[in-house]
Amino acid sequence: MGSIQIIFAAYCVVLCVLQMLVLSSEQFTITGLERPVLAPLGGILELSCQLSPPQNAQQMEIRWFRNRYTEPVYLYRNGKDLHGETISKYVERTELLKHDIGKGKVTLRVFKVTVDDDGSYHCVFKDGIFYEEHITEVKVTATSSDIKIIMHPPNIKGVMLECHSRGWFPQPHMEWRDSNGQVIPATSKSQSQDENKLFNMTMNLFADVGLHQIVTCYIQNLLTHQEESISIVLTGDLFSWKIDWILILSIIACVMIPYSMTSYLQQHLIHGSCSQRSHHWRKNAMVCMSSVIAIIGSMLILHLKQRVPISDQHFELDTLYLEDISVILCVVIVFNLKLNLLTYYRLERKYDGCTPGCKACFYILKIIIIILPFVFTFGCYNAIFLKYHQLQKKVSIPDPLYYFYTSWLVNMEMLGVFLVFFPTFINLIEFSQFIKTVPKPIWLCQENMREDDAIRHR
């Protein structure tokens, strides 16, 4: 009988304990925001949690923490704020609003929100051995109006556009659009984070030559849906350099033909016919034309061959290299033409058989032959180099290889300067030697020829 009473008493104790646990588990729950809270960078974040049913929480422990329970963001216990147990970076940036603590409601306020404040926040109410918690998700957002488009100098293939924006969080969405709002695939995209963990975005677009359109760079924060944009108008004026190059090459081609024909005219004045030495003119013309065609063919091969993909970081450097090579080859064309003709005239200085009536015309032609190359060479070189330096002043390439390329380019410019002054120097020597060979002024020669003709008629 005694053992039965003991068992019954133990059963009652267990039943009471279970009943107390059931009752205690129904003491309260915690409610709060179920959706993520957006916190602007540098602003104020407020997170609230509420006991349900409402009850006084002044003698409870209220703990806010992030990832670890033992590292609280804020700790309140028995009516006191325990700042000594909180994380150091939150000590001076947080406060607990306890205006409604009698109803079981508290609010954590965080000042000067940073990117590191992004994440989950746990709100814990503890009463004795019983506790409940609620988790609130915080999303830190940062937008920026600092957006700009950098247009690199137009080149033979098109124009490279760069859209830059900094100070975003989280990583924003970025795209190019045309005037109709249609998305244009970007050539490349890149992002980086600064010391404050904010995203700096860069997006490139390579636009074809000659397109007249409005291109817009859009960037959007996917959390706040805030959007920034900037537009640029691509017109034909951006590619005026192309017309300049066509004009330069056309001038070279147009002047080259009459320049070469001066040999034909010279022989005609000397001998009255070009049949005796026409093969010299043909050889000279063939040498000039073949060399020019070879140089122009090399330029076309370099430009038409896909050397570096557009998405490659060295694409712009390669394009600039092609432009500089084109400048150098244009200089070589002019120099080659000039050198061939100077050599030919140097070897063809025998004017035996020249009739007296053509001496004045011959001297005039000789002056033209000497002066024309000088003017032509000087004009072509100046046009080429002026346009070249106009392009170079606009170039800004952050590529580390650009410095090595610049040193190589300086050497090429020195070579170009040599090619400019060498024919000019030869021209001056030719002109001085020609002046020495002229015994009298040309008009005196013409008077003497008239006197000779008058004597013969008598």
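Keep in mind that glycine also has a Cβ here, set from the backbone N, Cα and C atoms.
As annotated by Swiss-Prot, signal peptide applies to 1-24. Taken from Swiss-Prot, the feature topological domain 'Extracellular' covers 25-237, 305-324, 381-414, and the record attributes it to sequence analysis. Positions annotated as domain 'Ig-like V-type' by Swiss-Prot: 26-141. Positions annotated as disulfide bond by Swiss-Prot: Cys49-Cys123, Cys163-Cys217. Here Swiss-Prot flags 142-231 as domain 'Ig-like C1-type'. If you look up Swiss-Prot, you'll see Asn200 marked as N-linked glycosylation site, on the strength of sequence analysis. The transmembrane segment annotation in Swiss-Prot covers 238-258, 284-304, 325-345, 360-380, 415-435, and the record cites sequence analysis as its basis. Residues annotated as topological domain 'Cytoplasmic' in Swiss-Prot: 259-283, 346-359, 436-458.
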Please name which of the recorded positions listed here, Cys163, Asn200, Cys217, is nearest in space to Cys49 (disulfide bond), Cα against Cα.
Asn200
Tell me the Cβ contacts of Cys217 (disulfide bond) under 8 Å, same chain only and six or more apart in sequence, or just say none.
Ile147, Ile149, Leu161, Cys163, Met174, Trp176, Met203, Ser229, Ile230, Ser231
The residue listed as 'N-linked glycosylation site': tally of other CB atoms within 10 A of its CB:
16
Same chain only, sequence gap of 6 or more: which residues have a CB within under 8 Å of the CB of Cys123 (disulfide bond)?
Ile30, Gly32, Leu47, Cys49, Ile62, Arg63, Trp64, Val106, Leu108, Glu133, His134, Ile135, Thr136
Over the span of the domain 'Ig-like V-type' (26-141), count residues by DSSP class, listing helix, strand and coil in order.
13 helix, 60 strand, 43 coil
Using DSSP, tally how many residues of the domain 'Ig-like C1-type' (142-231) sit in helix, strand and coil.
0 helix, 54 strand, 36 coil
Around the C-beta of Cys163 (disulfide bond), how many further C-beta atoms are within 10 angstroms, looking at every protein chain?
26
Across the domain 'Ig-like C1-type' (142-231), what does the mean pLDDT come to, as a whole number?
88
